[in-house]
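According to Swiss-Prot, the protein has these features:
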BINDING   12-18, 40-42, 304, 330-332, 412-414  GTP binding site
BINDING   13, 40  Mg(2+) binding site
BINDING   13, 14, 15, 16, 38, 39, 40, 41, 128, 142, 223, 238, 302  IMP binding site
ACT_SITE  13  active site, proton acceptor
ACT_SITE  41  active site, proton donor
BINDING   298, 299, 300, 301, 302, 303, 304  substrate binding site
């Protein structure tokens, strides 16, 4: 099996969906391995814009399988809404497969997410309140309900009653709140499971069959390395592992199956939610990037925080995800800026450091050390090779590659599929 993993190298929203869609044309199977509908992928082609949250980007290719792996947490009601929306626009979803071992998000997870954020007050994480974190907590506590359980009426009924009893005690003690009732959950979610029944299967077997048949598999990451619960800006992170290594756990394939890891980044940096952000901008350059780049969350609609490109972050992501190739998106967004900056290191308590601190208080004290490069004014949205880019834009990309220690295999100069340029064959 030849396989490629696509991961975000920043705090998510790097354009992974577009790159996955671009690479999916040559793949046989496209599989998601982590996260839930807190993720948001925007894909544009043929003059149409599609916003996905749970459905893998490969859904648009009828002859390829789009897999939701066991490491994904699935809100069945939200998933059906997404599938219905695609069907209404003439997109077939018959090629979708959902792991029977994927955990199910239920209304009490959404309630718990809301209550937890309220309890934290000024120390809130800034979650999307989609129930992702509480679902992963239940998984770790071994009380989670999986897709296989949802499909069996007696199993689902028994497990749901047990969990509601537990959640009621927990909600009362922690938040002075009550859990959604059995009657408020059971019928709707069991019916949702029955509608999804034909999609649910042992997806690890599908991927193993692809391996035996020497097919091409594309693994689609969600969020980004800096949101990884182990390697990100903890505790301002997601509740799963977006790093490439989680492909093995989140889909059931062996670690020797991975051939390449494509690290996706923007030509600048953005993040949604709270937490340290060393290169964050609050000036006119930041306003330019946010408005030209349309930096508003796909899932939440919230304005994203934006900042200059941070090579400290990228080097960290390269190391913990084993990144072999770099895909740089949204280069066109920087057009028109007199000067563009790259963070090369941090200053911490008067000392220069080049590695990302694990301690949050230290990270908050870090000041970015910038290298300034001249900007460009030329329209680059039609450029199809590095040689076609203005010299200043080309120098900017080459400097990023040099600082991060990874060569560039893909660059993008606009939101459409046709504006994504491959510099070398990856399969």
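Note that Cβ sites are derived from N, Cα and C of the backbone, with glycine treated the same way.
Annotated features taken from Swiss-Prot, shown on the structure.
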residue	record	DSSP (3 states)
18	GTP binding site	helix
40	Mg(2+) binding site	coil
223	IMP binding site	coil
300	substrate binding site	coil
413	GTP binding site	coil
Cα-proximity to residue 40 (Mg(2+) binding site), 10 Å cut-off, over binding-site residues 128, 302, 303, 304, 331, 413: none
Rounded distance in angstrom between the Cα atoms of residue 304 (substrate binding site) and residue 12 (GTP binding site): 11
In sequence order, the binding-site residues (18, 300, 303, 331) whose C-alpha falls within 10 A of residue 41 (active site, proton donor): 18
Site extent for IMP (largest Cα pair distance over 13, 14, 15, 16, 38, 39, 40, 41, 128, 142, 223, 238, 302, Å): 34
Spatial neighbours, same chain, of residue 223 (IMP binding site) - Cβ under 8 Å, 6+ residues apart: 8, 11, 12, 34, 35, 38, 39, 238, 240, 242
Distance check against residue 42 (GTP binding site) for the binding-site residues 13, 128, 300, 301, 302, 303, keeping those with Cα within 10 Å: 13
Cβ packing number for residue 15 (GTP binding site), 10 Å threshold: 24
Of 12, 40, 301, 303 (the binding-site residues), the residue whose Cβ has the fewest other Cβ atoms within 10 Å: 301
Long-range Cβ environment of residue 18 (GTP binding site), under 8 Å and at least 6 residues apart: 41, 42, 43, 44, 57, 329, 412, 415, 417, 420
Per DSSP, three-state class assigned to residue 128 (IMP binding site): coil
Between residue 331 (GTP binding site) and residue 303 (substrate binding site), the C-alpha gap once rounded to whole angstrom: 20
Neighbour count (Cβ, 10 Å) for residue 331 (GTP binding site): 24
